[in-house]
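Enquirer: Sequence annotations record features per position, and here TrEMBL assigns transmembrane segment to 12-29, 35-52, 64-84, 96-114.
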Amino acid sequence: MTNLLTRVKFGVVGVLSASILAAAMFVGLSDTGPGPAKAFVGAILLIGYTVHKGAREYLSPRQENILTGVVFFLGFGAVAWGVFVDGAKVSQEDLITWGGLVVAIVLIGGWTLLARRRPE
């Protein structure tokens, strides 16, 4: 029974991931959309969150770290692309928010890595 439930859970996560990607690309290719690249990055962010929430107990610590790193990299990459390539203006509130988020990510990431560390 648990094997069936596991397969159903992964099936739901897969269907949600495919739906998110299809919807994001549809929006990204529309005339008023953000463009296919930003839509793809947004879809990967949402899919990463879906996989992380839906299959957390099945991921090894290394897989979870890689997934978290990819999601953070793409999230910050999308913002950096908007600032450096598109020339978007950044307010002081945005800098404070993103700076606080970076500090929180470093603290949380460091804390979880230290918690998983085995004494030698």
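The backbone N, Cα and C atoms fix where each Cβ goes, glycine too.
Note: TrEMBL annotation is automatic and uncurated.
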Enquirer: What same-chain residues lie close to the transmembrane segment (96-114): Cβ under 8 Å, and 6 or more beyond its ends?
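Expert: Counting only partners 6 or more residues beyond its ends, the transmembrane segment (96-114) has Cβ contacts under 8 Å with 65, 68, 72, 76, 79.
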Enquirer: What residues in the same chain, six or more past the boundaries of the transmembrane segment (64-84), come closer than 8 Å to it by Cβ-Cβ distance?
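Expert: The answer is 38, 41-42, 44-45, 48-49, 51-52, 56, 90, 98, 102, 105, 109, 113.
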